[in-house]
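Per TrEMBL, transmembrane segment is recorded for B:12-31, B:43-68, B:80-100, B:112-130, B:142-168, B:188-206. The domain 'Cytochrome c assembly protein' feature in TrEMBL is assigned to B:14-169.
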Amino acid sequence: MIFTRRVLAIAWKDLIAEWRDRESITAMCFFAFLVLFLFNFALGGDQALIRQASSGLLWLAFAFTGVLGLARSVQSELVNDCLDGLLLYPAEREAIYLGKLLGSFTVILLVELISFPLFAVLYNMNIWSQLPKLLLITAPATLGFAAAGTLMSTMTVGLRAREAMLPFLLFPMTIPLILAAVRGTEVVLRREAFELAMPWLKLMAAFDVLFLVGSVLTFELLVEE
Amino acid sequence: MIGRSVERALGILTVIGLVIGLYIAFIYAPADAVQGDVQRLMYLHVPLILVSYLAFFVVFVASILYLWRRRQQHDAIAHSSAEIGVLFTALAIAVGSIWGRPTWGVWWTWDARLTTSAILLLMFLGYLMLRTLVDDPSRGARFCAVLGIIGFLDVPIIHLSVVWWRTLHQPASILRPGPSTVASDMQVALYTNLAAFVLLYGYLLVKRLQVEGARQELFRLQMELLG
């Protein structure tokens, strides 16, 4: 019980900090918009082609914006030695990890929710009736991405080349997740039977479990002095 | 550390193994009925990729041991094995590409196994980069141990995902070439070369560990001199 409260307290702290300046969310939303906008030119405005590639484009935009948010989430703790302060917080290291994860997860999911209407308008898609199914795909994908990302972000935060290193470590590892999300979204957008998305959901579940357990077990090793 | 005599014996065995492997691959084994002499690349390609899997498995085990016991030696083994693994994977992909061009007609195809190997290469390139970027050695060792463990556990999931990705919606259009039942002469050639490459891996690992030991000794002496 107290463990849950501590996790929530850390996530709450992150979300309040985010709400105060709204820097991450604004940057991420703008970036997602930009990526979706630019893909239109990359594919030469061919509507049939764009429709076919739309779920891939959507998840590419989410992956890029997600990295942006994850990098900032841990990096912001470096200012004024906040990380040291956070480590002094009388909670298990696991609670700190889960708190940071929950904060990032919420922010990324929010950006994704804002991007959906944008996507629907730009690519001329009717996604409203499919929204619950779409969320069923989005939530586990975002959770796994945030879980792996929080861990990798903690690894790379002190490095000189952190901007390059975070995606370099994160993207190869999260390929199963991105692949599953793209395929699952494809099933939903094409209005095929939802059973076709089940193997991909199972894959995402396996990935989420692996990274949550692995991260909780190893996070302490990354922040120990 | 491993003694000089063991190292020398390993080196000699490796050379003998590789020479026998070359002889068997080029002269003893028959040319493939369909692919001709190009198929002989298999005796290089398959051992390279199998030994690179072995190398990454060693990284995984050594990483767990390092986090558990915190012995410098385990970290050195993980680091050295990762370097050799990256080298072997890259070579296996390059050789496979050279083989694929005449047999499949393309340098690269998004076959499940190829994709997994490429991702594995990328992941462990990231592992080696992370090592060079972290200034504090003990911190770098810890980070890389975590990365080595999680990365290795992720590999089965990556493999599963790319297999599904290729086969769920469309039947596999390009299957692996070569006969499904390998002729016994070819099997002998393959296993001999595999054994030779495992020896080569062992020898390279020992050599790399010696370099690492020398580097640490140098560091210690420098510290001593500087006070």
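Every residue number used here counts from 1 along the chain in the order it is shown.
Glycine too: its Cβ is placed from the backbone N, Cα and C atoms.
Since this is a predicted model, take the numbers as computed values, not measurements.
Remote same-chain residues near the transmembrane segment (B:12-31) are listed as 37, 39-40, 43-44, 183, 185-186, 188-189, 192-193, 195-197, 199-200, 202-203 (criterion: CB distance under 8 Å, separation of at least six residues from the stretch ends). Counting residues 6+ beyond its ends, the transmembrane segment (B:188-206) has Cβ neighbours under 8 Å at 2, 6-7, 10-11, 13-14, 17-18, 20-21, 24-25, 28-29, 42-44, 46-48, 50-51, 54-55, 58, 77, 80-81, 84, 88, 182 in the same chain. Mean pLDDT, taken over the domain 'Cytochrome c assembly protein' (B:14-169), works out to 90 on the 0 to 100 scale.
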